[in-house]
Structures are given as structure tokens and as C-alpha cells.
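Asker: There's a structure below that I have some questions on.
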Amino acid sequence: MYPAHLLVLLAVCVSLLGASDIPPQPLNLYQFSNMIQCANHGRRPTKHYMDYGCYCGKGGSGTPVDELDRCCKIHDDCYGEAEKSQNCAPYWTWYTWKCGSDGPQCDDSETGCQRSVCECDAIAAKCFAKAPYNDANWDIDTETRCQ
């Protein structure tokens, strides 16, 4: 999915939430984006991680191209495990967290699905912050490089 599609989807979802009687809640992808910014101290825009390597962005296959792409594969696998073990929908699960001096920290009151998804996102955000970013691995031809 292209970054523009994600933004349109986010705008539609936020509009629908605002039109309901339920107070709007942040979507998980919005929270994850904020966690990434917390972990990397705003050094790299979140959109740079949306179409990177074989696993950063929608889907994923093949062998990760580098350390950053491995972070995305680990995140994908973590979401998969949360879906199986917690029977939850990670992309739509809301949780409470804060940006601490050591990066994103999940609220201790979170349990179950919320805790699992929050931990997946926090671990990935910290991994992103540590991994080198290689411009050559952004927007690669996944058909040929991710088999």
C-alpha cells in the first residue's frame, strides 16, 4: 500500500470515529508512528519506514535486506503471534503508552491484547532507532529482491 493510501484510510477512519457517539480513539498505526518518533527522537519521518525493504510496509516475503528490514519482519511476526495467542486485531488495538527517556514505554495497566500489541510496537520502534537506514533499500522492487 502506498503512503498516500494509508493517509486516506487514516483520514476516513478518524472521520468515522468523530461522527460517532464514542469519543475518538487513536488508531494503532497512529500510535506506532508516534512511538517511532519517540524512539528516534524525530530524526527520520515515519513515512520513510512505510516502503522499506521486504517487510517494512504492507505484507512481506523473502529474506530481509538488512537490519532495519529485520526489525520490520520481527514486528510482523510479533503481530502474528498476538493474533494467534491473544486473539486480537493488532492494527485496530488501542493501548496506553508514554515516551520516556529510554524511548516508548507501555503502560503497566495494559494486559492481554493491548499489552502484547504495545510491546510489539515499542520493541520495533526501538529496533528502528538502532538500525542503520540505507536509502537504497527504500521503495525497492520487491518482486525481484524479496523472493
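Even glycines carry a Cβ here, placed using N, Cα and C.
Feature table excerpt (Swiss-Prot):
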ACT_SITE  His75  active site
ACT_SITE  Asp121  active site
BINDING   Tyr55, Gly57, Gly59, Asp76  Ca(2+) binding site
DISULFID  Cys38-Cys99  disulfide bond
DISULFID  Cys54-Cys146  disulfide bond
DISULFID  Cys56-Cys72  disulfide bond
DISULFID  Cys71-Cys127  disulfide bond
DISULFID  Cys78-Cys120  disulfide bond
DISULFID  Cys88-Cys113  disulfide bond
DISULFID  Cys106-Cys118  disulfide bond
SIGNAL    1-19  signal peptide
Asker: Inside 10 Å of the Cβ of Cys88 (disulfide bond), count up the other Cβ atoms and send me the figure.
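Answerer: For Cys88 (disulfide bond), the 10 Å Cβ neighbour count is 17.
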Asker: How big is the gap, in Å, between the Cα of Cys106 (disulfide bond) and that of Cys88 (disulfide bond), rounded to a whole number?
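Answerer: Counting only the Cα atoms, the answer is 17 Å.
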Asker: I want the residues beyond Tyr55, Gly57, Gly59, Asp76 whose C-beta is within 8 angstroms of the mean position of the Ca(2+) site's C-beta atoms, in chain order.
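Answerer: Those within range, site residues removed, are Cys54, Cys56, Lys58, Gly60, Cys72, Lys73.
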Asker: Would you mind reading off the Cα separation of Cys72 (disulfide bond) from Tyr55 (Ca(2+) binding site), to the nearest angstrom?
Answerer: 5
Asker: What disulfide-bonded residues among Cys38, Cys88, Cys113, Cys118 are found with a C-alpha within 10 angstroms of that of His75 (active site)?
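Answerer: If one measures from the Cα of His75 (active site), no disulfide-bonded residues come within 10 Å, so the answer is none.
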Asker: Could you give the Cα-Cα distance between Cys78 (disulfide bond) and Cys54 (disulfide bond), in whole Å?
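Answerer: Counting only the Cα atoms, the answer is 16 Å.
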Asker: In the structure shown, with every protein chain counted, which of the recorded positions Asp76, Asp121 has the densest set of Cβ atoms within 10 angstroms of its Cβ?
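Answerer: Neighbour-count leader: Asp121.
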